[in-house]
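*Asks:* Can you keep this structure in mind? I'll have questions shortly.
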Amino acid sequence: MMEARNIPKTPSLMREFLRQVGGVAIIDGGLATELERHGADLNDPLWSAKCLLTSPHLIRSVHLNYLEAGADIVITASYQATIQGFEAKGFSREQSEALLKKSVEIAFEARDMYYERCKSSCDGVGDGTILKIRPILVAASVGSYGAYLADGSEYSGDYGDAMTLEALKEFHRRRVQVLLEAGPDLIAFETVPNKIEAQAYAELLEEEDIKIPAWFSFNSKDGINVVSGDSLLECASIAESCKQVVAVGINCTPPRFIHDLILAIKKVTTKPIVIYPNSGESYDADRKEWVVNTGVSDEDFVSYVNKWCEVGASFVGGCCRTTPDTIRAIYRTLSHRSPAAPMQ
């Protein structure tokens, strides 16, 4: 059996992984919105990370649902999990760090459960469940400083003049260290809204001499720049120049913008491109909710997928408001993938 833990955690991991899955890897879909669909109340500054406290079994279940829909990569429930956020809730530093590690452990548990199910039914079952032995990676999510603020700042990138490069590095440093101690396969710096935070991440990776590969994914609301108005080309160039970053791309952005954003990123990077848009729905930061019926259907979403891959996407999945059905549709769309022979 070729499992993810047999793949070396080096910067070559991504290209080797892509070779093994057939050229394009499938990322999971929305986590928080799926947790809500399972009954979780996420009206809290911790958002999806609240479930680390209240209902880890739901997180595990959602991870497993995505694996059974065909995802090759699951992203941990640590996007809005920060030491500072847990401490504001009254947890000690030790408890806060344990919760961060728990997010990675839950994803590992889901992967192990999936492999166990595969052993008893390797060809899948009639309900659309995909049970297939394949390498699966666990990506530890790091949300932006704006996500910690829980005020929609990751959709504006406006941190004010008081937020400096050094302050951002110190905000993220221990959190990144703790997540890495839990042993994920890679680290996903997600929804990066501005150039200063990309620079902070890149410097942090180099200063800490981090050996686990990372990806940077930015978000855009105009299809040209990142949400702060900073140049996407400048942001992607920061990722390109950091040796620990093995993929760069876009997440939590409407599908209609993705094609042109891929072409822009390709101007400044030779690294694999990672794409996981939201459903296209609008987010009301004041009401802290998604505006219903403003997005695209799963059918429309996946109609873009082959075009994205044709122009350079190597990792494709979904972000907010996408579901296991979305990921299953992507899996079927990419069914022509020809995985390399398993390593012995």
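These residue numbers are counts, starting from 1, taken along the chain as shown.
Heads up, the Cβ atoms here are built off N, Cα and C, so glycines get one too.
For reference, TrEMBL lists these features for the protein:
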- 13-334: domain 'Hcy-binding' (DOMAIN)
- Cys252, Cys319, Cys320: Zn(2+) binding site (BINDING)
*Asks:* Show, in sequence order, which residues other than Cys252, Cys319, Cys320 on the same chain lie with their Cβ within 8 Å of the centre of the Cβ atoms of the Zn(2+) site.
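*Replies:* Those within range, site residues removed, are Gly30, Thr191, Asn219, Asn251, Thr253, Tyr276, Pro277, Asn278, Ser279, Gly318, Arg321, Thr322.
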*Asks:* Validating a neighbour-count step here. Other CB atoms within 10 A of the CB of Cys320 (Zn(2+) binding site): how many?
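*Replies:* So the Cβ neighbour count for Cys320 (Zn(2+) binding site) comes to 22.
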*Asks:* Restricting to the same chain and to sequence separations of six or more, state which residues have a Cβ under 8 Å from that of Cys319 (Zn(2+) binding site).
*Replies:* Gly29, Gly30, Thr191, Asn251, Cys252, Thr253, Tyr276, Pro277, Asn278
*Asks:* Run through the Cβ atoms and count how many others sit within 10 Å of the one on Cys252 (Zn(2+) binding site).
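*Replies:* There are 24 such Cβ atoms around Cys252 (Zn(2+) binding site).
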